[in-house]
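Engineer: Take a look at what TrEMBL says about it:
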TRANSMEM  B:21-45  transmembrane segment
DOMAIN    B:75-267  domain 'ABC transmembrane type-1'
TRANSMEM  B:79-99  transmembrane segment
TRANSMEM  B:120-141  transmembrane segment
TRANSMEM  B:147-166  transmembrane segment
TRANSMEM  B:195-216  transmembrane segment
TRANSMEM  B:251-270  transmembrane segment
Amino acid sequence: MSAVEISPAAGTDQEARAEAARTRRNWLLSLPAVILLLFAASGPLVIVLIYSFLTPGDYSGVKWIPTFDAWTSILFSRDIFDDTLRLADAHLTIFWRSASLSLLTTLITFLLGFPTAYFIATRPPRQRGLWLFLITIPFWTNLLIRTFAIMEVIRNEGLLNKLLMMTGLISEPLQILYSDTAVLIGMAYVYLPLMVLPLYAALERFDFRLVEAGYDLYAGRWMVLRKVILPLVKPGIVAGSILVFMPSLGAYVTPRVLGGGKHMMIGSFIELQFGQGRNWPLGASLSMLLLLIVGIGLFFYVRAMSKEKAHD
Amino acid sequence: MTDTTAPRPRRKAFSVRTMPGFSSIAIVCFLALYAPIVVIVVYSFNSGNSIALWEGLSLKWYATAWQNDAVQEATIRSVIIAAFASVISTVVATMAALGTTHGGDFRGRTVIYLLINQPLMVPEIVTAVALLIFFSMIRIATGYSGLAYLIAAHAAFCVPFAYLPIRARLEGMDTMLELAAADLYATPWRAFRRVTLPLMAPGIVAGAMLAFVISLDDVIITEFVKAAGQDTLPTYMLGQLRRAITPEVNAISTILLAITVILLTLFFILTRKRSPKA
């Protein structure tokens, strides 16, 4: 470029044009994916939002009369006689069951998942891959099959009851299936890998010389665990808890199969509105509420992950 | 006074890393993860009618499942949907990966990322409800009620699963090779076909396999989107679980499990990072 003198302005102009061309090319390449997802994943969510502000139709579907009824009926029911609002106990029971079972699932998966992740992280590096693979296989296998498998185990004639009767702990088989306990066992079983994987990621990077330092300073095992290890892998704990809590809250298959018809959680409650309940707007507002809660959870998840990265 | 000459009970050397009880809990967890699955697989070979009593080895329930028209149709439907969905999602995901990975940031990249990852973030039941409403609108407007709805829905939620391994492969690729091809007067298309594409291939195959597994296993979205008589294997199973369960379900589960485990093992072999040469 020695012969031709290019003004700085022309240079930036050219750069801007190249930049625009690159952006256009990248967008064109991504366009089919964008269209597919807008059509069959993200776009329809807007319709759900709109439906949540409409009036239920006579048999199913909606009437185009705008109202906030679907949102207020999440928590309140209108008295048919004097039109006053009162708390909808049936709904509250379902929300309470969803929230408490999801929290308990998170707690159980943590109590079991932390030692498991710790165990994998303290294996010799060459073995870790295999152990991790053993955790990942159930994670990718069909959720329905895993739910069905745990159902087989906790049935009255199942493996669990057989074992308990053989050891003489019980004489009559325990009726676990179709109860909240069954849903809890099922969700803990199904979501355990989601807890182990992020915990392992955090523990793998943990510097075990810090534990040694703790012992040198006369800390006991419990002290080291509580004051050294747990605080340093906290982002992994937060990430794992959110990864387990969110799908538990929106779970549909596991509560439906293991809980029977009576022990409903939000997921089955939403489905009911589109089936026998025939209240599409209520189903829509419940879906949006679930989405909102998950959105908040996701926000904290992203924050925990960026903190984790900042550690490196 | 303790006798110091007597042999002391052997104690394991104090290890900094071990926490008492952790290993036992871990082993129990691994056993608990696999025991129920093993029970299903074992009882699928039971010759008796019961799913609780072992009466001997046989392939009876596989034969029963195979001769069941509903199972056959559901199997064919599942495979058709998974095949279409994995091809479509892999093609669009490959293009998107090329668009979003090569050469730095650009305006709107975050939007594309968010869209692609949407199926991983939004609860499946919410997407299922949204698709139920949206597709029933289209159904009424067009009168069409074929498999295309299921294929479109599956293709969409498979995109992130196809995209992630492809992107990981592209990010680990040496861009110098493409530049070298260009230096050797290869046209961009030729450079892409002869250099970039072969290098991407393992990522693309891995992505397609993952998408296939995810589509094959889907329950919730399929359950909401399917029209009457459009059961896939998982939704057929879900229907069966409400009735008296026969070992036929065990046989179907075992086959689905086998497909998943085989494809996943291949996936891990394909995406395994080569250990750095010392």
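Heads up, the Cβ atoms here are built off N, Cα and C, so glycines get one too.
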Engineer: Of the listed stretches B:21-45, B:120-141, B:195-216, B:251-270, which one has the most C-beta pairs under 8 A with the transmembrane segment (B:147-166)?
Structural biologist: B:195-216
Engineer: Counting Cβ pairs under 8 Å that sit 6 or more residues apart, are there three or more between the transmembrane segment (B:195-216) and the transmembrane segment (B:79-99)?
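Structural biologist: When sequence-distant Cβ pairs are counted, the transmembrane segment (B:79-99) touches the transmembrane segment (B:195-216), since at least 3 lie under 8 Å.
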Engineer: Give the one range among B:21-45, B:79-99, B:120-141 whose Cβ atoms make the most pairs under 8 Å with those of the transmembrane segment (B:251-270).
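Structural biologist: Comparing B:21-45, B:79-99, B:120-141: B:21-45 has the most Cβ pairs near the transmembrane segment (B:251-270).
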